[in-house]
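Taking it in order: structure first as structure tokens, then the write-up.
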Amino acid sequence: SSDMAATAERFNYYAAACAIVASTISIIFGYDTGVMSGAMIFIKEDLRIDDTKVEVLAGILNLCALVGSLMAGRISDYIGRKYTIAMASTIFLAGSVLMGWSPNYAVLMTGRCVAGLGVGFALMIAPVYSAEVSSAQSRGFLTSLPEWGIAIGILLGYISNVACARLSLRLGWRLMLGIGAVPSLILAVAIVSKMPESPRWLIMEGKLGEGKRILFAVSNSKEEAEIRFREIKIAAGIDPEEEGEETVDHVPKNSGGKGVWKELILRPTRAVRMILIAAVGIHFFEHMVGTEAVVLYSPRIFKSAGVTDKHKLLLATVGVGLTKFAFIVISTFLLDRVGRRRLLLVSTAGVVGALTVLGACLTIVEREKGEKVMWALGMSIASVYAFVAFVNIGLAPVTWVYSSEIFPQRLRAQGYSLGVAVNRLMNATISMTFISLYKAITIGGAFFMFAGVAVVAWFFFYLLFPETKGRSLEEMEELFSHGFRSGRKQQSKGQVGQGNV
């Protein structure tokens, strides 16, 4: 009907503002990732550490983030999404202060570990919160905002590298790392004072009145809010006809998430098993195609390609940040139009091509030792930018959007935290082994290996991933119970009717 179409065209700016505030935590994480790529050059020189310690320093944040993400799932079910985001900011604040002060390698590692816990909390909770305040037709856009934050943060980190590189060796890298404490403090205060709680979490806790009020604020119409309210009550096991109560005590709760792991892993239904495979799989492949190797070690890649001047290395790395941000922005506007599945498949195919070219060019440069092969140098830089573009037009944003929306409400926080834990594990694996890997099989060989992994990833996505565009969060379990071919058929039917749920 025309009323339904008009509702679908509206955009709720309050829901967008909530998602933007939640996603700001990702800027802090992105900054830490980006700034460390350049800071490591100066840390190695100042603290006189070898490549093994550099690898450990690069990867330890992600191992600690793995722990943080697993903790955050249970904690966010217990204290709520809002206060979990505030906790993430506070933890990261402490880590940034330690890194900025660090007089030696041990203190620097401690600060990196503390920051890692905050990163794990942030990566888990920001997309979940954004998904839970969003309408179905704008969920792809709003849930991908944390990726905007990461891209902006990485770019700011690269710019900070260039700006602080001319300071004294002792001060420069410490200032790069310590600056992250300032936005962490501001964000923690803003979240506690201004941001509402997730309406889905409130309703699942039996706080119907407060949850409904927030639903009305973040929905595109009164009718949509009523539909969402009814669906969430059904998912929570509350009588959908129950009215007139601010709170109810008879919600079949998981007592802060207890029993979820049994339903997720030990005795899952067919649909939950397929959802878990999809969520864990996409987080696994996001980093196994070499994403972190390019983002974190781009100065070394450009150096291997023939760029030797330190200042030019950092400037070339800024180009990586600009490319990432530009294509994340583009993907954000395509997710709810083109769909998750199509973007994912096109993106992964492009990653295969870019990695193959990069591997070939770096191999040629390596074989011509002592001579600059200008065309290979140019193609190497271009293929790095192409890789970053293809990853960020699909694979990176879809990973976070898709895995945050497919779990049933009762399993979402802890199921998503498991996916994030796998993401951080693979990120740590790549960042802590890349130097050793390319020394063992050459840098060109390393990227040929990543290209092979990307081929496997493409078939995995093609065979197992249904389209979720336009679906309400409460429909996902049914969608996965049919398999992706049934899901695609269902997706093509009644899109207008589903779009405003």
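Numbering starts at 1 and runs along the chain as it is shown here.
Backbone N, Cα and C define each Cβ position, glycine as well.
Database features (TrEMBL):
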DOMAIN    18-469  domain 'Major facilitator superfamily (MFS) profile'
TRANSMEM  12-31  transmembrane segment
TRANSMEM  56-76  transmembrane segment
TRANSMEM  83-101  transmembrane segment
TRANSMEM  107-129  transmembrane segment
TRANSMEM  141-159  transmembrane segment
TRANSMEM  171-192  transmembrane segment
TRANSMEM  313-335  transmembrane segment
TRANSMEM  342-365  transmembrane segment
TRANSMEM  377-403  transmembrane segment
TRANSMEM  415-435  transmembrane segment
TRANSMEM  441-465  transmembrane segment
List, by number or range, the same-chain residues at least 6 past the transmembrane segment (342-365) whose CB is under 8 A from its CB atoms? 282, 285, 289-290, 301, 304-306, 331, 334-335, 373, 376-377, 379-380, 383-384, 386-387, 389-391, 393-395, 397-398, 402, 442-448, 450-451, 454-455, 457-458, 461-462, 465, 467
Counting only residues at least 6 beyond its ends, the same-chain positions whose CB falls under 8 A of a CB in the transmembrane segment (12-31) are 81, 85, 88-89, 92, 96, 118-119, 122-123, 125-126, 129-130, 133-135, 138, 142-143, 145-157, 160, 179-180, 183-184, 187, 190-191, 194-196, 217-220
State, in range form, which of 56-76, 107-129, 377-403, 415-435, 441-465 has the highest count of Cβ pairs under 8 Å to the transmembrane segment (171-192). 107-129
Any contact, the transmembrane segment (107-129) to the transmembrane segment (415-435), with at least 3 Cβ pairs under 8 A: yes
Spatial neighbours of the transmembrane segment (141-159) far in sequence, C-beta under 8 Å, 6+ residues away: 15-16, 19-20, 22-38, 123, 126-127, 130-131, 133-134, 176, 295, 314, 317-318, 320-322, 324-325, 328-329, 331-333, 335-336, 392, 396-397, 400-401, 404-405
